[in-house]
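Visitor: Straight from Swiss-Prot, here's the annotation block:
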- A:158-299: domain 'CMP/dCMP-type deaminase' (DOMAIN)
- A:211, A:253, A:256: Zn(2+) binding site (BINDING)
């Protein structure tokens, strides 16, 4: 059962704290990457030169392609005598030499204690963990990604759990009939409706791409097609699975992960990962890639007795 | 551009796939098309994109694979020719089909330049070689080729000139 710290009399809308979710958010490859750095020229100077130096840096930046926007330009530190000094990022190492910067400073009447190379974080932090680690290297700005913040109500989690239990039963029954034991459902949380439930039908239909997710998307497509044909309200065509939640027994393969992306789902929840073939946490992280114009949240690790299938089988 | 020369026969089939992509556009669909050719040079399947009909998984390649495997399963010696480099979903479908050779016209990279403004095709910089190269059985990926011809059905389509 879903563990919640909310009493039975709580309203349907009560939300479950993230720590009590029975699954974990799957971070993208960008959110799990280790610190990577880029060398920049740093100038060290007394606060009285601050406005001259910042003017100079502004001028330098206007001539160059902007990068490292996530790094704060200035940091304040105390020198060994306890007096305040400022350090500023001038530019990436490849843009100028220390001699060129030194000469410019001389011309502008800026006295710099030191111009040195320093490795700053090359990318903006995307998680609290990255922020805390990278910020200690050099101050960086961090804004929590609004799309990464999700809410589950008590009712929704219980509903998803019951859908998942039905899927496990369906996958088990299908497995007994010689199919691969996995299943998928497409659920609309706003109307609390299950729009499609499907098992894998590769053997039955003699078709290698009849995976459970592709079948489920196909069922939703049929519903949408009949809605389009019978509409009288002048409503628009819509993206197939926009704002919907997909529940699965196992991690989808690359084909299915991308099919879900094309369908514009909002979130995916599954129990068991397929380390050799999965397209989400195992390979590629198709659900959340910076270059995509759509992304979806993905959660895994719900500890349920899903049918055991070989790790090298795509679902 | 690929370094190896494409045979006249392969070029002719690739042009056939591009023709299918033009037909798809003429029918109000997205401009993608592919054909599957067997070892005896028979075109055993031809399919265009059907996404605007409502099912976003109905790309040319997934349709072709889905349709051909209903009647035939031994596709190892077949070649799939497609007007445009397959997306990750279609690359997965090609892997599943058992087809061992795929030739494409327009590259993913150049398609993205066309479609990015429309927001309709999610660009994914995982190319088909990465996915098919990691397959448990070898799949030969050949392309891009004749991009100047493959791009024609896309001209004016993604910026609203349909």
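Counting starts with 1 at the first residue shown.
The backbone N, Cα and C atoms fix where each Cβ goes, glycine too.
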Visitor: Across the domain 'CMP/dCMP-type deaminase' (A:158-299), what does the mean pLDDT come to, as a whole number?
Guide: 87
Visitor: Looking only at the domain 'CMP/dCMP-type deaminase' (A:158-299), how are its residues distributed among DSSP helix, strand and coil?
Guide: 47 helix, 30 strand, 65 coil
Visitor: Near the Cβ of residue A:211 (Zn(2+) binding site), how many other Cβ atoms are there if near means within 10 Å?
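Guide: So the number of other Cβ atoms within 10 Å of residue A:211 (Zn(2+) binding site) is 28.
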Visitor: Among all protein chains shown, how many Cβ atoms are found within 10 Å of the Cβ of residue A:253 (Zn(2+) binding site), not counting that one?
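Guide: Excluding its own Cβ, the number within 10 Å is 29.
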